[in-house]
Amino acid sequence: MNVGALELSAPIMGSQTILDPGVFVEASVSSRAVYTNLLILPLYFSAASTLTLLFHLISNSKAARKLFGRPVTSSEEPLAELQPDSLIQELKLHVESLGGSAIYAYILARLIGTLALLGLSITTLILDEVHRAGNQSLQLPREEEDVADALGKWGKKHPKNKYGTHYAEREWLEAAMCLTFLYTSLLALISVTTKSKWSKLVIRHLNIVLLAALCVYLYRDVYPLITFTLEPKDLSEGGILWAKIGLLTILGVVIPLAIPRPYVPVDIKNPLPEPNPEQTASIFSLVTYAFLDRLVLAAYRVSHLDFKQLPPLNDHDSSEHMKSLSFKHLDVFSGAPNRHLFIGLMKIFWKDYAQLAAMILLHVFANFAAPIGLNMLLRYLEPGGEKAVVRPWFWILWLFIGPVGGTIFIQWYVFVATRTLVRTQAIITQLVFEHSLRIRVKAETPDSGKNLKISSSPEALTPDSASVHEGTVDGSETVHSVSPSEIESTTVHSSSASVSSGNGQDKKKTKKSEDDEQPTSDTNNLVGKINNLVTTDLDNIIDGRDFLFVLIYIPVQIVLCMVFLYAVLGWSCFVGLGVIIISFPLPGMIARYVQRAQEKRLKKTDARVQSVSESMNVLRMIKLFGWESKMETRIAEKRDEELIWIRRRQILEALNDISDLCDITVIMKQTIRASVIFSSMSVFDMLREQMRIIFRSINETLTAKVSLDRVSDFLKNTELLDSFSEKTVETQNYIIPADVVPDPQAIGFRNATFAWSSEHGSLTPSKRRFMLRIEGEVLFKRNCVNLIIGETGSGKTSLLMALLSEMYFIYSPNSWYNLPRDAGIAYAAQESWVQNETIRENIVFGSPFEEERYRRVLYQCGLERDISLFEAGDATEVGEKGLTLSGGQKARITLARAIYSKAEILLLDDVLAALDVHTARWIVEKCLTGDLMQGRTIILVTHNIAVTRPIAGFVVAIKEGRIESQGTVLEALGRDSVLAEEARKEQQVIDKADDRVDQELPVQEPKTDGKLIVAEEIQEGHVNWSAVKMYLTSMGGQYSWTFFLAFILAMFITEIFNAVYTWFLGYWASQYETHDPASVSVFHYIGIYCLIVAGAVVTYATGVIIYIFGTVRASRAIHKELITSIFGTTLRWLDTTPTSRVITRCTQDIRAGKCIVDGPVAMWLQAVSEISAMMILKYTAVVVITPMFFFPGVVVAFLGAVCGQVYIKAQLSVRREMSNARAPVLGHFGAAIAGLTSIRAYGVEEAFKAESLRRIDKFSRAARIYYNLNRWITIRVDVLAALLSCALATYLVYYRGQSASNTGFSLNMAVGFSSLILWWVRTVNEFEVQGNSLERIQDYISIEQEPKPKLEAVPPAYWPASGNLRVEKLSARYSLDGPRVLHDISFEIRSGERVGVVGRTGSGKSSLTLSLLRCIFTEGTVYYDGVPTDKINLDALRSNITIIPQVPELLSGTLRQNLDPFDQYDDATLNDALRAAGLFALQSEMSEGRITLDSSIASGGGNLSVGQRQILALARALVRGSKLLILDEGTLSLTNLDDSQTSSSFLFSNVCHRLPPERIEGDITLITVAHRLQTIMDADKIMVLDAGRIVEFDSPKALLKMKDGKLRSLVDQSNDREVLYSMADKAT
């Protein structure tokens, strides 16, 4: 055995283990046979490969498949169908089958390489024989004789061989290698010529054999080069040896890593036209993310990368594919077992998590390469290092391979994790969406904000941990209302959300015990909860995806850290560990305080967000009431309360960071050496990081579990429609048995009872124990119009809901209900539901477009004239919630959708309520009895009995949830004296037609694209400096320069202290080299070290405190400026901007946590500042000791900056596209939930599911690229950093000759500097990305504004003393460049007069009311009590005029809070207003469930009927007691009985005589805009508008005397003609 054969020692402890490759040959004591030599190993692999291939060939033969019953298939069948016309065509098809020309070129290159290897091996054999022949002595060496003897006759040559009589050992080994390379050449030839299936198999075997041969040569001939004592075993081959190794490296490593992968589509029948580059990228391209190079460069060349320029979505990531893979494990309705969601997700992603576990372990081990390399390198430089066995370049190489390998492993971990993240988002979003289509929608009130999710704040991130924990783009640390930011449809909004934390069950039990006595309604806002599931809860779930860190990474890392430290420091490492453990409770204690502050902050944040969200939802009402300043003050107060806790939390978090600076490790009774200090420092940092990660990882994992439980609970326990619920034996017969229903096509009920929920004690919709009871049999008639009539709140809508299976059916013997759906159902809701699409798309609603049918529908629904008024015709977007349409237009579009459909059964819920009498008669005569309704069954809920009586074939009267009467109209009249009296009057009405409406107006060609909603802003390039300047200026306040100078100076001084204490440790170690160790005073140096650390702590704390106060100052200022700007904008801007987008700016772009101004903007700005200071100081420190580092450092920093700039350009574009692709997903979600009943009624669930999948794919496409771009930059900058460290180490070791201490310090600073390049690039990018919200906020701060209040525009204190109103030449338009909607209107209304305003839809009635309030652009002059309204402040004007808008808007909370939101009036006043509005008269017959001041109101008034909402809106107006009261279509959904309570005389009487005495005044002016003539016929005057002009204005009596008058025409066509004339005669 030679000298360097086996030197055993522990590498970390100071000596090294060197294994001689010859040992394996020479250690065979019993025999030195050739078959034990390592060079024979590749031949063994070849033999095994041959046997495996033969087995595979036999097992796949037709005979074997037939024997074992396996199907005979061929993956080449599609290509086999193509018959080539020529040899060239056949070659092209063959190349294509192998993956294309690029892949084929690699395969050919591999064939050439294997042949070259074979040639080199043969050459070596021949040269060796020639060399041996040149030897004069033919006597074999003793060992070769032994080999020949052992092989017997096979060891002897042919007698005629002139070179000798025996084969030498070398010849046998070369012959074995020749056979190996001959086999590889054969495999390479087969891979080139055979079909794809066999080519892939053969290539795998070829790679294994080549890799085995390469490993043998590396061990024998490369490994010895790293030592001072060993030599390569095959040097005799000379240059041929290195040629072999080079070829083997290319063939066994380079080509397998560089060869592109063939595209394998998910669905072979529907491949992507252009596959995603990720699917065809080589392994090397995947590992380095080079497949993104083309995208990154393309983005760098343009100002903004458009979404269409992004690569297509990987079809493995498509939501359709993920749905097919996952729903069988998650969705019980797709066959999944009833188990927890987590188990199902693990069944889907178990392969991914196996990869993640492997990458974690590899990353952990790679982390120790650099500390080990640094330890051994510095040990070589220390005294006594000349005895080292391993050459220093090897340890320098470790400084490169370790970090780069660790980066590759952790980045692949993040690659797989983020891929899983995007797929999980797609799966859960679609799962919740599809399940939501099955739930029973109930009217609900908000909860009180309980069960908030409490989470401690995230720890500071390192570059690696930041990569691991990235993912939530639009997430939120709080659980706010619906995450309103993202939801395009805000028809129904949630209140504060609920994510239960640990003690949630106890709270629930306590609450239950308190409420056992009386039943309550479900207080969870279901719609809000659903939206929270796919926003906050989904973000929590994906944030918890790294639970393997808790299970694997942290335990393994801690164990390895202790092993390393013990090997380096001995038992004293446990002292250092003890210091860390003792200080460990300190961060824990701080974390508990942080959590408490977080809890308080969350509550304050939720209160602010709820207030802001509701304010934005009713912003039009706030502006009409002049409440802007009061609401701004209220929101500002909530914001200040929130900021107190934000500041407190940030200070506590800063204390946690400061505590990390205080760890001091003492090495007990040992001589301190540089190799020990600098290597152990890095490992102690790793150990400390694990301790910190524990908090974050466990918190995220627990939070994810809570959210997973919530989603799982929603999927299992949410109440579903009866058709999806598990049926008991008693209830399984509710689906009409054939022997019970006389006719399977019958529509109706028998002995059926329904509730809004399966919880019979629940209180619904207006806080009553409401149940719908149909006693006996009710069958609607086919092929005619069926009417459902009754008072407001009597249950008319509930009857339709029961028929549609939306209500819970309470089974009883001999009960059933039936609605045949085979011929289709169409449904028009009472609250018209329109999508944010064009008018045509809303009407067609996914049905095939038929031009002729479409035109007839427009005509019969009276929409032709309306469409002709739109500049874009039927291509006009209706906007969010149909904001471009009037109430009547929305109702008719909803009706047109039902008419256009081919459904045979139409359910229409009070579609005539929003129409004037004239339009209602048109609908009845032209539409409901038109040719499109022939053979169709109509069930119509209506208050308009007089209008619809002539077409009614069957009438059902309902009262308080029970059928009062049914039958024909005559039968119903016979049972109801009120109806009989109405019928007597109606017989006297002569129907008249209106020639003007009968005229068919041609639908004009669109002139514009019809876009109303302004597209979401996408800023191009970098974040605007003006946006950043806005934030920086807000931070500094009045002393910006002083603030930033103090902060930056503190950061620089801190980094100076940090660099000094690192250098001081090396200086301390050097004292043991230059002095007697016994003379070195340990406590002296420890004292100096402690002073340096204390200086760093104090300066850092000072800087952070200064910065925190600045961030809070900026948060307050920007929030105030934003709210003021939005409250001060114009109504037109609100019309063109979705409410959800406005809410986004005020909540998500502002709020704390992971979202923007309160969190990441400040955090990333601080990180950029700190890292910049660190880089400058570290770079300076290295240059001082090693001046040569100046130029390489500049080059690397420049290259890193270039990579960063290229990366940021692409990242910003993709991030913006990703953010904008997220909102439509949730917007579609919210819109679908809002129109759930309509969607189910039409049976278009599948279309909405498909649309959801399409939108999810769009988001996933951007999201995958966004996450992968982070991998792209990380790999490149980390490689640059590792190269810089290696270059510096090489220079210091081989050229500079520095001491170990200085070398360790320089390397420490250089490694820190180079690693910070990536962190700096990432932080700058994140700051720019988060700064996107600053841009968006700034855009909203600079939106168009109404005139601001001025001191000189404050009206006199007495104003208004009367309600006198004079208008002179008033014109109005909705935008400065828009057409006029009012034309030179002039009139005067004396104080105390009651004036009615009438006119057909679109005549300008609502525009007139808005112009009086200066809500739109006006010309002319309006005098209110003698004062020109354009000369006074808007808030003063609007606070002294009260308007009830078309759509009543209510806030969530109590009724008292809705009537008096600012606590200005007592309960007596509020009750008087309710009485005056007619609420108490409506509830006179109710024994329970009465609405009182303490009744809860759902958001938007969702738990009240439309009529009840309008009564409350009227009461709120009466409370204000203004001199001028305007009712704008405020009585649309009230019955005729209610109209008697809201006629102008009744209102005037109550306003003047039924309010408290101190508020009785007779000069209140009342302007009423209504479609019901009964409401205004007793007014003092009536104004008739047409096309924005006054055509008539006089007393009702005078107008009725005009022979061709417009008012007279309307009255004569009304069924209440005599009543109206009588009212006009009595009017004074």
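Cβ coordinates come from backbone N, Cα and C, glycine included.
The feature compositional bias 'Polar residues' is assigned by TrEMBL to 478-488.
According to TrEMBL, the feature compositional bias 'Low complexity' maps to 489-501.
Here TrEMBL flags 356-655 (among others) as domain 'ABC transmembrane type-1'.
Among the features that TrEMBL reports, domain 'ABC transporter' is placed at 747-985 (among others).
Here TrEMBL flags 1045-1318 (among others) as domain 'ABC transmembrane type-1'.
The annotation domain 'ABC transporter' is assigned in TrEMBL to 1365-1612 (among others).
Panel annotation: around the transmembrane segment (38-58), residues 21, 24-25, 64, 173, 176-177, 179-180, 183-184, 187, 201-202, 205, 208-209, 212-213, 216, 219-220 of the same chain, lying at least six beyond its termini, place a Cβ under 8 Å from a Cβ of the stretch. Annotated transmembrane segment per TrEMBL: 38-58 (among others), in sequence order.
Among the features that TrEMBL reports, transmembrane segment is placed at 172-190 (among others). For the transmembrane segment (172-190), the list of distant contacts is 34, 37, 39-40, 42-43, 45-46, 49-50, 107, 110-111, 113-115, 117-118, 121-122, 124-125, 128, 147, 151, 198-199, 202-203, 205-206, 209-210, 213: same-chain residues at least six beyond its ends, Cβ to Cβ under 8 Å.
As annotated by TrEMBL, transmembrane segment applies to 202-219 (among others). Below 8 angstroms of C-beta separation, residues 21, 38-39, 41-42, 45-46, 49, 52-53, 107, 110, 114, 177, 180-181, 183-184, 187-188, 190-191, 194, 234, 241, 244-245, 248-249, 251-253, 256 of the same chain, each at least six residues beyond the ends of the transmembrane segment (202-219), sit close to that stretch.
Proximity of distant same-chain residues to the transmembrane segment (239-259), defined by a Cβ-Cβ separation under 8 Å and at least 6 residues beyond the stretch ends, is recorded for 103, 106-107, 109-110, 113-114, 116-117, 120-121, 123-124, 127, 207, 210-211, 213-214, 217-218, 221-222, 232, 282-284, 287. The transmembrane segment annotation in TrEMBL covers 239-259 (among others).
As annotated by TrEMBL, transmembrane segment applies to 356-381 (among others). Long-range Cβ contacts of the transmembrane segment (356-381) within its own chain (Cβ-Cβ under 8 Å, at least 6 residues beyond either end) map to 11-12, 14, 16, 388, 390, 392, 395-399, 401-403, 405-406, 409-410, 412-413, 416-417, 548-549, 552-553, 556-557, 560, 564, 568, 673-676, 678-680, 682-683, 686, 1289, 1293, 1298-1300, 1303-1304, 1307, 1311.
Summarising the annotation, TrEMBL assigns transmembrane segment to 547-568 (among others).
What TrEMBL lists as transmembrane segment is 574-594 (among others).
As annotated by TrEMBL, transmembrane segment applies to 1039-1064 (among others).
Per TrEMBL, transmembrane segment is recorded for 1084-1110 (among others).
Away from its own ends, the transmembrane segment (1179-1208) comes close to residues 296-297, 299-300, 1022, 1059, 1063, 1269, 1272-1273, 1276-1277, 1280-1281, 1283-1284, 1287-1288, 1291-1292, 1296, 1298, 1302, 1305-1306, 1309-1310, 1313-1314, 1317-1318, 1320-1321, 1324-1325, 1328 of its chain (Cβ-Cβ under 8 Å, at least six residues beyond either end). Positions annotated as transmembrane segment by TrEMBL: 1179-1208 (among others).
The average per-residue pLDDT of the prediction over the domain 'ABC transporter' (1365-1612) is 76, rounded to a whole number. The transmembrane segment (1305-1321) and the transmembrane segment (547-568) are not in contact, since fewer than 3 Cβ pairs between them lie under 8 Å (pairs 6 or more apart in sequence). Through the fold, the transmembrane segment (1273-1293) approaches residues 287-289, 377, 380-381, 392-393, 396-397, 399-400, 403-404, 407-408, 411, 463, 467, 1182, 1186, 1188-1189, 1192-1193, 1196, 1199-1200, 1203-1204, 1207, 1211, 1303, 1306-1307, 1310-1311, 1313-1315, 1317-1318, 1321-1322, 1325 of its own chain, all at least 6 residues removed from its boundaries and within a Cβ separation under 8 Å. Sequence-distant contacts of the transmembrane segment (1039-1064), counting only residues of its own chain at least 6 positions beyond either end whose CB sits under 8 Å from a CB of the stretch, comprise 681, 1032-1033, 1085, 1088-1089, 1092-1093, 1095-1096, 1099-1100, 1102-1104, 1106-1107, 1110, 1169-1170, 1173-1174, 1176-1178, 1181, 1305, 1308-1309.
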